[in-house]
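Inspection log for the structure reproduced underneath, given as structure tokens.
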Amino acid sequence: MPGRKARPGSGNTPRKAARSSQRTLPAGPRAAPSAVSAAAAAAAAAAAAAAEEEEEESRLRQRNRLTLEDDKPAAERCLEQLVFGDVEDDEDALLQRLRSSRGQLHGSSDDSEVENEAKDNLSQKRKPVWVDEDDEDEEIVDMKNNRFRKDIMKNASESKLSKDKLQKRLKEEFQHAMGGVPDWAETGGKRRTSSDDESEEDEDDLLQRTGNFISTSTSLPRGILKMKNCRPANAERPTTARISSVQFHPGAQVVMVSGVDNAISLFQVDGKTNPKIQSIYLEKFPIFKACFSANGEEVLATSMHSKVLYVYDMLAGKLIPVHQVRGLKEKRVKRFEVSPDGSFLLINGIAGFSHLLSMKTKELIGSMKINGRIAASTFSSDSKRIYNSSGNGEVYVWDVNSRKCINRFLDEGSLYGLSIAVSKNGQYVACGSKSGVVNIYNQDSCLQQTNPKPIKAIMNLVTGVTSLAFNPTTEILAVASRKMKEAVRLVHLPSCTVFSNFPVFKKSAVSRVQTMDFSPRSGYFALGNEQGKALMYRCCIIIQTSEDFFLKSS
């Protein structure tokens, strides 16, 4: 029995423990809500504190703004209220309003071009306020008896034009002279381009700086060459004899004029009076050609019916006749060329012979022969090669040192050559023919090819081309024929187009050109005619800025 009592007693104890453990289990979930509520209370307290702090800061800001407003004048406060509105209650409204207005501006900028175009169309469609009945009557303008309007007549049938046609003709002449419609003459929306903003910025930058804004063009523009007519070079020694040679001194402002009146005259070049310096008279010696030496210290002259070569020493003032050159068996000495480096003298003989002489001693170095007769000869710009133009249209190229023919080609389309010239920079070779055609070649092709193709064929002359001359900058090629009056043209390089304003045909002052030359800096252009006049022109270079054209003498 005691054992049975002991069993329940021992059993009762664990059941109570188990029962007590089951009662204490719900204590965990009940404690969790209390922790969450404590955290929420803390967060709410922090939010309340932040709101209170923000409200306090807003009150301080409002108080400071009111203090500043009290110090402002009434006019300034009124202006701010008109511009920004009433922002006493909420400054965020002002910021929101500014953002929305900025967006509206960006959105409306896309339609600005359409609006501008519509405005231009509207302005173009406006009707005149009143109409004059006399304007409707077509008024006829006399073109023939007005010396200014006469120049813009295209044919004889335009002796009378209406006002509208005259206005259109003047516009055409202006646009032709300007090379098109200038930017400032554009009307309406055509003048405005997409790069207007950039151009306005460039203009603002231009106005903020000082200095020289005019820059010279790198090359001579084509179309129209500005030239000024100067007093004839030989005005102080007038003559009626044909001019045979005109040449500028290589290092001084001096021009030499010679003719068949047996005289060689030197003039100072100033473009106004051109005073005479000296005249040399050679008795019974009608001058066929006269030329300066490369250094400008001597003048060489030949006659039409003599084998004597005269050399005039300008420093010593002495005239030296060279009666006979040993080894030279020519009966007459007429055509000759001086090498650019001043070392050689080339004399063209008969039967296709050309003779190379030393410029210093006037002694024969060697001779070269071509098939047919020699029409013209010239040296290359480096004095290493000689070009012979033959009477059958062929061109021979010789090496000066070895005196051997290094190339031979046929001038395209030429049956009879008359003249030849090489540019000063060694880039071009020009060949003139009896038919009036001038072929311009690249010098490299003339040295390497047996059948070179010309860059351009100048066909503005209809008679034989007897004179060719490049200017020192290789921007102008002068071509002329002595067979016809006014037969002279100036060709622009490298475009190979003819300047349209030279010569002035209606003045008929050039006559038959016998010889021509450019000054060392291309500032003057001189030509001699059969009437005994050495005409001289002042060349000008066009200088272009961003919008304007200025003329400046070279």
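Here the Cβ of each residue, glycine as well, is placed from N, Cα and C on the backbone.
Quick caveat, the model's predicted, so the values are computed rather than measured.
Positions annotated as region 'Disordered' by TrEMBL: 1-75 (among others).
Residues or ranges marked as compositional bias 'Low complexity' in TrEMBL: 31-50.
Look at TrEMBL and you will find 66-75 tagged as compositional bias 'Basic and acidic residues'.
TrEMBL lists 98-138 (among others) with the feature region 'Disordered'.
Per TrEMBL, the feature region 'Disordered' maps to 176-206 (among others).
As annotated by TrEMBL, compositional bias 'Acidic residues' applies to 196-205.
The feature repeat 'WD' is assigned by TrEMBL to 374-408. Residues 335, 337-341, 343-344, 346, 348-349, 352-354, 356, 365-368, 414-426, 429, 431, 433, 443, 446-450 of the same chain sit 6 or more residues outside the repeat 'WD' (374-408) yet have a Cβ under 8 Å from a Cβ within it.
Secondary structure of the compositional bias 'Basic and acidic residues' (66-75) per DSSP (helix as H, G, I; strand as E, B; remaining residues coil): 8 helix, 0 strand, 2 coil. Across the range of the repeat 'WD' (374-408), the DSSP-based residue counts are 0 helix, 22 strand, 13 coil.
Across the repeat 'WD' (374-408), mean pLDDT in this model comes to 95.
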